[in-house]
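Student: Got a structure for you, written out below as structure tokens; questions coming shortly.
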Amino acid sequence: MSEKILAINSGSSSLKFKLYIMPAETVLVSGQIERIGQPSSEFSYTIAGKKSKLAQPMKDYETAIQTVIETLLASHVIESKHEIIGVGHRISHGGRYYTKPVIVDEDVKAKIDELAVLSPLHNPVNLLGIKAFEKLLPDATEVAVFDTSFHHTIPAKAYMYALPYSYYKDHGIRRYGFHGPSHEYIAEKAAELFGKQQTHRLISCHLGNGGSLTAILDGHSVNSSMGFTPLAGIVMGTRSGDIDPEIIPFIEEEFQMDSHAVREMLNHDSGLQGLSGISNDIRDLDEAAKQGNQRAQLALDVYAHQIQQYIGAYTTDLEGLDTLVFTAGIGEHSALVRQMVCERLGYLGIKLDPEKNAANALSIEAADSRVKVAVIPTDEEIVIARDVMALLKEA
Ligand code: ADP
């Protein structure tokens, strides 16, 4: 029996989706809507290899989802809304509550709402997406797939912050880790491609606009660079990553900024954008650095250095390293970043083949590299669709 399942990945003003036939995992449609809530919203989608675009204002998530469903009907990908039996939503923060995906009910929605304080950029829009689908596809089962749950195997010594214990016990303040579906996909795909022995000790580098590294032992997360929220860890497009916590009260007092303004600065004006003053996009920084722009070069240097530091740290968690994987927008496409990251890691037995790296090949290590280095495109949506199927079977 084949089933149609939608996988939804909603961002602060965007919505990406794939419609699958499961369990065959055939993608019927993939698409994304950008700039929801602005007059310039745009819906782009691909059906059977044919790309289409629709530029029309979409005032909110419900309108955006309505447009997606109408397009699926008009293009005869579905003949009726009832054909879609399950919708899986990527949810940013599952906090202490969720170590695996769950079918959405009133309690789940209340908890996603409660956890919005921990992920203010994502949990509220994730919830809007769920509510809009409940209204527009009332017969489908909604499933929540949490970014945090893959990391529930991180041991206490790696997830505890050295704050008074009550902050952890009473308020759940600890490292959670994010990008779970992506790191899970990478762990599974790498094991499938290279075998279990070669991927026994693996570091997954998810380098997109947001970025995180995860140390994975035999398929299980044992440490991850994001923390209590997705702001922690490496430098990102516009997020600061790790900083000395004392900087925050200093800025608040020195510049009379309230916590909202500081949070905005740390999330939107920092990272590669803040360092370079040019762009959050590696392609722009590469271009500018080649023209001699020193701040663009500085941003690239800091970025690569922080990734190197996490790789070094995670080889301790893993007691060595067998495979290093690069994924997401930067990891999959930027030979420059991969080369900058790997060039000082020879002491770990990492050596790149420059030609394979330049070609974004699957395996980019040199013949005499002790560690395998791979470029694997991530696929968060297939993890979500598989999770939906598994829960539908159980129900
Ligand atoms: P998100 O976290 O928003 O899903 P992506 O994983 O799509 O982000 O990554 C987006 C980033 O990937 C861009 O900001 C850019 O820095 C980088 N990127 C995308 N394509 C390329 C490319 N061809 N070369 C270098 N960097 C790229």
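Count begins at 1; order follows the chain as displayed.
Placed from the backbone N, Cα and C atoms, the Cβ positions cover glycine too.
Relevant sequence annotations retrieved from TrEMBL are reproduced here:
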BINDING   N9, E380  Mg(2+) binding site
BINDING   K16, H206, L207, G208, N209, G210, D281, I282, R283, G329, I330, G331, E332, H333  ATP binding site
BINDING   R90  substrate binding site
ACT_SITE  D147  active site, proton donor/acceptor
SITE      H179  site 'Transition state stabilizer'
SITE      R239  site 'Transition state stabilizer'
Student: So which recorded positions out of R90, H179, L207, R239, E380 are up against ligand 1, CB under 6 A?
Tutor: none
Student: Which of D147, D281, E380 (the recorded positions) has the most other Cβ atoms within 10 Å?
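Tutor: That would be D147, with the most Cβ atoms nearby.
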Student: With every protein chain in view, how many other Cβ atoms are within 10 Å of the Cβ of R283 (ATP binding site)?
Tutor: 13
Student: Would you pick out, from the binding-site residues I330, E332, the residue whose Cβ has the largest number of other Cβ atoms within 10 Å?
Tutor: I330
Student: Could you round the CA separation between H179 (site 'Transition state stabilizer') and the residue listed as 'active site, proton donor/acceptor' to a whole angstrom and send it over?
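Tutor: Each residue's Cα considered, H179 (site 'Transition state stabilizer') and the residue listed as 'active site, proton donor/acceptor' end up 5 Å apart.
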Student: Counting only residues 6+ away in sequence within the same chain, which have a CB under 8 Å from the CB of N209 (ATP binding site)?
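Tutor: Once residues fewer than 6 apart are set aside, N209 (ATP binding site) is near M236, G237, T238, N280, G329.
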Student: I need the CA-to-CA distance for I330 (ATP binding site) versus D147 (active site, proton donor/acceptor), whole Å please.
Tutor: 20
Student: Restricting to the record's ATP-binding residues (K16, H206, L207, G208, N209, G210, D281, I282, R283, G329, I330, G331, E332, H333), give me the longest CA-CA distance in Å as a whole number.
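Tutor: About 22 Å separates the two most distant Cα atoms.
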Student: If you draw a 10 Å sphere around the Cβ of R90 (substrate binding site), how many other Cβ atoms fall inside it, taking every protein chain shown into account?
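Tutor: Result for R90 (substrate binding site): 27 other Cβ atoms within 10 Å.
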Student: What is the Cβ neighbour count of H179 (site 'Transition state stabilizer') at a 10 Å cut-off, with all protein chains included?
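Tutor: Taking every protein chain into account, the count is 32.
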Student: Using E332 (ATP binding site) as the reference point, find which of the recorded positions R90, R239, E380 has the shortest Cα-to-Cα distance to it.
Tutor: E380
Student: Among the recorded positions K16, R239, which residue has the largest number of other Cβ atoms within 10 Å of its own Cβ?
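Tutor: For the recorded positions K16, R239, the Cβ with the most other Cβ atoms within 10 Å is R239.
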